[in-house]
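Annotation source TrEMBL lists domain 'Ig-like' at 33-123, 135-224. Taken from TrEMBL, the feature signal peptide covers 1-29.
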Amino acid sequence: MAPEPAPGRTMVPLVPALVMLGLVAGAHGDSKPVFIKVPEDQTGLSGGVASFVCQATGEPKPRITWMKKGKKVSSQRFEVIEFDDGAGSVLRIQPLRVQRDEAIYECTATNSLGEINTSAKLSVLEEEQLPPGFPSIDMGPQLKVVEKARTATMLCAAGGNPDPEISWFKDFLPVDPATSNGRIKQLRSGALQIESSEESDQGKYECVATNSAGTRYSAPANLYVRGPAAWAQSLMGVWSHPGRLLGVCACVCAHTGTLICV
């Protein structure tokens, strides 16, 4: 015989109550997408590079897609590089073309609970159209080999008016020193300093100078991280941009990791 409820109390059937509790808990765990990084308007140089970065958070984890003039981006010069399991994305355009690439680019973050959108404008100028103060790369990063666990420094110096801000990309993704537990720092000079270098630091680095007049990318430079034996015996070719062999690197400076070429 079922027990009688105490006066003033109502008994709730156990199974439906547990189901409702589960639904509430599930609802609290899920969330619509929210942007944590949005693309910014850019003015780039014809023949150069533009990168738009977009990232969102939410549960389930949202996916990022890119649109141009209402259509999904599609071109051999357009590359989409995902990070954070698809919740972050970089749209990279290279080489830039005047008029053809000038447009509004839309980033969409979607999960099962909703969809959000943000956008940024790209302008492209020819060299002779550049306004006064457009950023210049006075010194870009250079090919470097460093012994594992040592410090590597990728140099960058830029000019412009106003003074440009310098940021870094590695393998086409933005470098965020804040996520490195202090191991990676951007120095006041703009250089990127990587302490206790690891194999995961190996890759292609670009420094980017940005001010109100526009954005300019350096030429890319590779960083190689080697174990002691491989580092001491590094031997590789250095190629010019058109693909002509300039020299052979036969020695590595033990203090800086810089290749000495002959």
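Numbers here mean position along the shown chain, with the first residue as 1.
For all residues, glycine too, the Cβ spot is worked out from N, Cα and C.
Residues of the domain 'Ig-like' (33-123) grouped by DSSP class, helix first, strand second and coil last, total 3 helix, 58 strand, 30 coil. Note on the domain 'Ig-like' (135-224): DSSP counts are 6 helix, 45 strand, 39 coil.
Here the domain 'Ig-like' (33-123) has a mean pLDDT of 96 out of 100.
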